[in-house]
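Here is what TrEMBL says about this protein:
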- B:ARG75: pyridoxal 5'-phosphate binding site (BINDING)
- B:ARG97, B:SER98, B:GLN105, B:ARG313: substrate binding site (BINDING)
- B:ARG271, B:ARG396: tRNA binding site (BINDING)
- B:LYS284: N6-(pyridoxal phosphate)lysine (MOD_RES)
4 protein chains.
Amino acid sequence: MNAQNFRLCEKLVSPAYVKQAEEARKSHETKIRILLEQRKWPEEGWEDGVIELMLDELALMDSNNFPGNCGVGEREARVVSKLVQQRHYRLGHGIGRSGDIAAIQPKAAGSSVLMKLTNSMVLDLLKITGVPNVKACFLVPMATGMSLVLCMLTLRQSRPKARYVIWPRIDQKSCFKSILTAGYEPVVIENKQVGDELQTDVEAIEQKINELGAENILCVLTTTSCFAPRIPDRLEEVAKLCSKYSVGHIVNNAYGVQSTKCMHLIHQASRVGRLDAFVQSTDKNLLVPVGGAIIAGFDITFIETVSKTYPGRASASPSIDVFITLLSLGQHGYKRLLAERKQLYKNMQEQLRKCAEKHGERLLDISHNPISMAISLKCETPVSNVTELGSMLFTRYVSGTRVVNCTETKEIGGHKFIGFGSHANSYPCAYLTAAAAIGVTQTDIDLFIKRLDKVMGKWKAPNVRNKVDTVSDDMDKVELNGDVSDTAKELDEKS
Amino acid sequence: MNAQNFRLCEKLVSPAYVKQAEEARKSHETKIRILLEQRKWPEEGWEDGVIELMLDELALMDSNNFPGNCGVGEREARVVSKLVQQRHYRLGHGIGRSGDIAAIQPKAAGSSVLMKLTNSMVLDLLKITGVPNVKACFLVPMATGMSLVLCMLTLRQSRPKARYVIWPRIDQKSCFKSILTAGYEPVVIENKQVGDELQTDVEAIEQKINELGAENILCVLTTTSCFAPRIPDRLEEVAKLCSKYSVGHIVNNAYGVQSTKCMHLIHQASRVGRLDAFVQSTDKNLLVPVGGAIIAGFDITFIETVSKTYPGRASASPSIDVFITLLSLGQHGYKRLLAERKQLYKNMQEQLRKCAEKHGERLLDISHNPISMAISLKCETPVSNVTELGSMLFTRYVSGTRVVNCTETKEIGGHKFIGFGSHANSYPCAYLTAAAAIGVTQTDIDLFIKRLDKVMGKWKAPNVRNKVDTVSDDMDKVELNGDVSDTAKELDEKS
Amino acid sequence: MNAQNFRLCEKLVSPAYVKQAEEARKSHETKIRILLEQRKWPEEGWEDGVIELMLDELALMDSNNFPGNCGVGEREARVVSKLVQQRHYRLGHGIGRSGDIAAIQPKAAGSSVLMKLTNSMVLDLLKITGVPNVKACFLVPMATGMSLVLCMLTLRQSRPKARYVIWPRIDQKSCFKSILTAGYEPVVIENKQVGDELQTDVEAIEQKINELGAENILCVLTTTSCFAPRIPDRLEEVAKLCSKYSVGHIVNNAYGVQSTKCMHLIHQASRVGRLDAFVQSTDKNLLVPVGGAIIAGFDITFIETVSKTYPGRASASPSIDVFITLLSLGQHGYKRLLAERKQLYKNMQEQLRKCAEKHGERLLDISHNPISMAISLKCETPVSNVTELGSMLFTRYVSGTRVVNCTETKEIGGHKFIGFGSHANSYPCAYLTAAAAIGVTQTDIDLFIKRLDKVMGKWKAPNVRNKVDTVSDDMDKVELNGDVSDTAKELDEKS
Amino acid sequence: MNAQNFRLCEKLVSPAYVKQAEEARKSHETKIRILLEQRKWPEEGWEDGVIELMLDELALMDSNNFPGNCGVGEREARVVSKLVQQRHYRLGHGIGRSGDIAAIQPKAAGSSVLMKLTNSMVLDLLKITGVPNVKACFLVPMATGMSLVLCMLTLRQSRPKARYVIWPRIDQKSCFKSILTAGYEPVVIENKQVGDELQTDVEAIEQKINELGAENILCVLTTTSCFAPRIPDRLEEVAKLCSKYSVGHIVNNAYGVQSTKCMHLIHQASRVGRLDAFVQSTDKNLLVPVGGAIIAGFDITFIETVSKTYPGRASASPSIDVFITLLSLGQHGYKRLLAERKQLYKNMQEQLRKCAEKHGERLLDISHNPISMAISLKCETPVSNVTELGSMLFTRYVSGTRVVNCTETKEIGGHKFIGFGSHANSYPCAYLTAAAAIGVTQTDIDLFIKRLDKVMGKWKAPNVRNKVDTVSDDMDKVELNGDVSDTAKELDEKS
């Protein structure tokens, strides 16, 4: 609706009403103008209607939506299913070009604008959440593992001799595999146990650099967000080492954007030492479906090189999701989610402590992990029982807890990990972890504690231990459904 | 609606009508059952309603849609925007697991089933279109370039010494860059000109293998679908060499699924020699938005290794698109599209020949390229004029043609290409290419020829050459819009 | 995207691409401008993307989508479910105002524009399909029956004494009931049989007018579209009578817009006599869901009075459907559907004739019904068998046929109809009707004839007559599913 | 996903995960089963995913979605636009049949089930909100005005002699027009002023009944929800009169479902006297788009007669909206909205009182109106200024307030109303009304008071009175936008 069209509307409905609408429309257009002009993440969220309008407008800027366009190339963003068309708002060209995932496409001005704006808003996100000096970033439609691979493949160009990646142990497969996929040999640095916590052994890293020779090392690959009892790596000290020895430094910040502590570590590291790139997932931090990661850094040229290392075009779908979500939440909405999470973290910790103590266990003292927490599982019975607890929770619709018995051995790509899952060769006790991640609700926590309490009771009772826990166990089912449905209430009354 | 629910419906509406509905429902369920049972691409397309029902059902199998689920992990597929939720049919967990992109997810049985079914139907697709002996494949949410990188990174594991990739020249950036990104040195094999066509120089390849030493060569990277005047590589002969020297062989079959010729080459190559993997884009072959590729091969173990080389989870979005599209078209629908394309290819060639001859040019004789074609541009005027023709078409909403002057030089990753764009150091004449790719319509072709004819006339006329062609050129705009809108007709009448 | 925003985009992507997009955008805007300016039904259909953009724009003109609007009234178009919001494109205010369903709403300029444009395009529709002199019309979100009531209630205002409505018999309940609901006494005029056809008995109408006294008669309520063997009423002659005696005349043109014959009758009647209003369904003529009707006429004042007689606001949903559909089809698209229907009507007639003759029956000679046709059912067996044939077709997924045995008696609102369903007290034979209505496909017809042929065979065979036909009858099921599904093919092969 | 399909899924993904999903699925199915079985409004809301699944399932029960259905009738629910199809979840047949809007349709079992369930849940709604003894109701796709017409047309059948409708004055057009449209002569009963309130003059009603003769009166048409200073009619006493004189009694309960007081009045009236039907809007009470009303009563036969009086089919769209909304909210969600409204009503009253007093006005004492409230406007200046205040609020995006000067005279359908808008011939002062209706938020109220305060200040200041208030008045615009957007903040800082 341009001014001319509003004038025409005045012949159909009263000019006073049209003026009112035009005025309101201007307010929406102002938002759009400011976004295009400043490319900043708006403070206030946008209404869904305005977001969809913007997406529709962008789609009309792509050649596949030009009236009278005739396509005689091999790639014309023709989409045959209307369902598919609609779920992508008629955007079909993806993002990027042969040479560069952040390049603009001649046939797809709209998709290109969307990509640029998303990257620009994401940069704001990183600044606001704790890394004010971040210089460049881009959203890549791959999850964190593959994004780490891309970073390493980029670093290789400037460190052609390197064969090793130094890796403070974190028992998460995709991170470790990313090193192998990139073609490097991982050098595992075991963590130090300090109290209940597992911390980075910085001295061992330095020793290893000296041992292998700095020029043979591509980078140190550190981790911020991780499962308790591990805590974020000591980024500052590692960054200093990397600077001292001119070794690359890449940070796996998978779900760290939601935590000021993790972001602060990155900020500090970049100030005192070397940090080439940090990578974070979009799904875990921005509450979108799995599929995207943000690659960010402090040197524009390096980040541009990473984006140019990605050969060819890519899916725009994760960008669309992030575009919608950032506009919908606005900075205020996101900050509110962060504040809620912080509050719920404390709440979960408190409830978990009480529940643990009630059953003769304790909350491990891991004050430096801002997201994940753990309680001890000092069972005297055989190991199998520990995993039994996990499956009892699983069948009761508790998702996301991890029960770790600290005795499992696993081989990944030829490397043997003792105590796999616990980030250490011999952590003293079995334990159960839970996380208060962004988006968690009070209801989640209450249900979790309630079910954990019940399950712990059953699991600790010797007579129950002997029989297999089944889903058909009526009393529990009642409890489960009782939380959520009418049916359950019905069953409840019966029982 | 299970049987019990249908019975309950009979208390609300007449049993006869419910029975009829139940009978119809069974027919839908049968389709779903057969799909799950046989995992074959249905011959007949499904109605959108049934596809959406299936997606809704699958979504309900994922933990984020369980009633009463409480999530206390760091990744719970929480999606905060309803718009985003809806466009993904409430599927949020993506596909794959830390270790393997084709692995099933405990929290996401529905997404896992969707991924498996899609991969299974895609295998059918490849068999039906010309590679009946293909053994395994999977859809990866990355475009072809990055997928080629993944294949090379996988090959590295068994060829740790290799440093080179032999590459019969194809002037397409992302393919070349994929070699660099994977960390290899590309060895360019120039094409041989035979008549108007550019063909693989197989002898030069063998010579190069001997020169560099087979153990130093990761693979030969060949191409099927390409722009005229290049034609698909001589896969059979290359495959034989690869077998003879135990060198890897990866095929970039970007948009070759739509052509029986390309698929047949792959089939033959796999029978007579070595072919480790072939990679094709989903957008170009299946008419979905950019973002996915299919990695396929003849050795299940190798393809599984590729899928395990991808570290971590990935976006399910390209799988959802392909799932919808394959079910919506059915084999019959897709075969109809293929048949139409074949017909339109001939039609476009014929019209292009006439148009070329009318303006003193000729259709190049490139009978071995099944998709792309070219006409000569023997202009006596300076080079700049050739690109001018391209931009004249662009501003007239003809997308996808390429005007190649054969004199451009380009450096990519330190490699200098003379005559970039023409696949050869010195192709004898400038030319214009166009493609009859899947999804092209008769209208596209008619509009293209009509506009080309006009533009050629203007471009050849010496007096026009001198002045810059502008979009505000009225006569042309009338012609342009005249094809599509009322406005244009109005303008037409005025002019 | 206004000009300013396009300029800003040029800082993000190349100006040349943005210009191209802006040019294309203008073409869309031109369409919108012309629609607002001329309020004519576009000749060419619009792309879905542009239609949705237009709806989004209109929604933003309504107060519930104003940014910063604060609503403190009792009706603020708040919509609590996002699903509901989205399916209405965030339009919530409905159409009309307390006093007039065609009035504009201060709080809803966008909805008002949508309503006006829809009514204006619908007027075009009626002109184009055969009533060029129609003066006014509006879409009302009620089906035809209730719309006829509204017309009669309006007529009452100028004919306060009237008690009767003269009604040439048409055996369709809602039409008859509309008279009762409006508070009038229906005076049934039996049809005359001429050959196979049932025609209006004009003389009987005149006689009745004289008998009852013109001032006591509200109107004659005639019908165009109807089931064979009835044919459209002789509107011209009735219109002349209405004019002569100053009696109202309302035409039930339920699905007559799709037939030039029906529309022509209305046109002629309006020229030679009196015709106050004609009413048509939107679902049957425009292929939208049930729920709307168009009330049209030749006297602007009368039609305005009808719209003012509707007290209060109404659902905008049928208007949205018609708005989308008219824009999506364009005049050309609709005319193509009309032409196809005409062709398929002939085709169905021919196939039906052959099938009838094969089984010893005949196609009734009802050349004046342009949509519905009938074949005789001269069974010697008891009446029950005739309805059996109907249910045999029903269970074989043939919908829309009617089997009429001409012997049923039905009482509606105290009036007894002999031979109900056949429009006559004693039509000489039982018959089966079928219609070639807009949207029917060749596949529909082929399936229908195939199944009818089979069913007639079974039904005529004496040995089959005796046993009850069941859905579990395997051979038939195979035949049924064989048309549509893989399953069926499988069964087919088994059998 | 039936059991068989789940078993097949177990061949694709681990049986443990499938079992978990199946268990969860059962919980959804249980909900669906219970809904079909008990037809009660669920206490807990359903997830959108389950609602959409249910709608998809119901759609598949309609003939237009049967695989292999061939339609040869004149009405086959063919929907040509995919956009339209999708917004109706592929339901096309509407609701009802020729004879009865609550009848089931042979071709549309799914739509019929949807209609029945919706009506059944709506009955629950009325019981829960305060009319436990209600016996029957149905949702009609017309707004309240036309629904009142339908009720009166139904009553006519049993009161053929009646010519009058007695109507305690309420200055709302569509209510008054509904009487005229139904063909009756309205007999206006002026309200009595008691303190600030306007109450029903019950004695005048009885007198009028005696004067006109009960047999000449169709019904008394009372109103519950209304604008202050009018209060709900004294239903109990009117019901007693109607019972005593055997006169019909219809209640316009437009937005009264949200108020326990209004519902209680209906309940009481039904217990002590006669109340044939009460009518309420769906948009105002259930937060759906305009377009539906609920007709309810205490005599099943009478309500059935009303539904049978509606001739023909009708739009299912309002039923779909209500179906979705009721399932989405659940009883708990709706009760929460009711509780919030009650709280906000008090809050608004308090804030309004303060604001009024600050500007030398007062909150009128209208304690018996549970939704609407009013403040005095004792301006000494000419009348025009009162309306000026209204438009000042309008241009500041305050919607829903009404400024009443008590001196306007209006003629509707030949009846002259003095002081139109104020429900009285001579209400002593001008006033402004506002309502705390369901869905209002604290933000709405805060913004309203803030803007009202500013506007009152300007309006009272003599120097401002003289100049015309324009939207371009910068300071105000800043204030306005300041509430909602970044832009505004920017402007704020400038100013």
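Every residue, even glycine, has its Cβ placed from backbone N, Cα and C.
Keep in mind that what you see is a predicted model, and the values were worked out from it rather than measured.
For B:SER98 (substrate binding site), the Cβ neighbour count at a 10 Å cut-off comes to 17, with all displayed protein chains included. Binding-site extent for substrate: residues B:ARG97, B:SER98, B:GLN105, B:ARG313, maximum pairwise Cα distance 10 Å (rounded to the nearest whole number).
For the recorded site, B:ARG97 (substrate binding site), the DSSP three-state label reads strand. Secondary structure from DSSP puts B:GLN105 (substrate binding site) in a beta strand. Among the binding-site residues B:GLN105, B:ARG271, B:ARG396, none has a Cβ sitting under 8 Å from a Cβ of chain A. In the three-state DSSP scheme, B:ARG271 (tRNA binding site) is classed as helix. In the set B:ARG75, B:SER98, B:GLN105, B:LYS284, B:ARG313, none of the recorded positions has a C-alpha within 10 Å of the C-alpha of B:ARG396 (tRNA binding site). The recorded positions under consideration are B:ARG271, B:LYS284. Their Cβ neighbour counts within 10 Å are lowest for B:ARG271. Annotation for the binding-site residues B:ARG75, B:ARG313, B:ARG396: lowest Cβ count within 10 Å of the residue's own Cβ, B:ARG75. Long-range C-beta contacts of B:ARG97 (substrate binding site), restricted to its own chain and to partners at least six residues apart, with a cutoff below 8 Å, comprise B:ALA103, B:ILE104, B:GLN105, B:GLY312, B:ARG313. Classification of B:ARG396 (tRNA binding site) by DSSP places it in coil, neither helical nor stranded. Looking only at Cα atoms, B:LYS284 (N6-(pyridoxal phosphate)lysine) sits nearest to B:ARG271 among the binding-site residues B:ARG75, B:SER98, B:ARG271. Note: the Cα of B:ARG75 (pyridoxal 5'-phosphate binding site) and the Cα of B:ARG271 (tRNA binding site) are spaced 45 Å from each other. Secondary structure at the residue listed as 'N6-(pyridoxal phosphate)lysine', as computed by DSSP, is helix. Around the Cβ of B:GLN105 (substrate binding site), a 10 Å sphere holds 23 further Cβ atoms from the protein chains shown.
Of the recorded residues, B:ARG271 (tRNA binding site) and B:SER98 (substrate binding site) place their C-alpha atoms 35 Å from one another.
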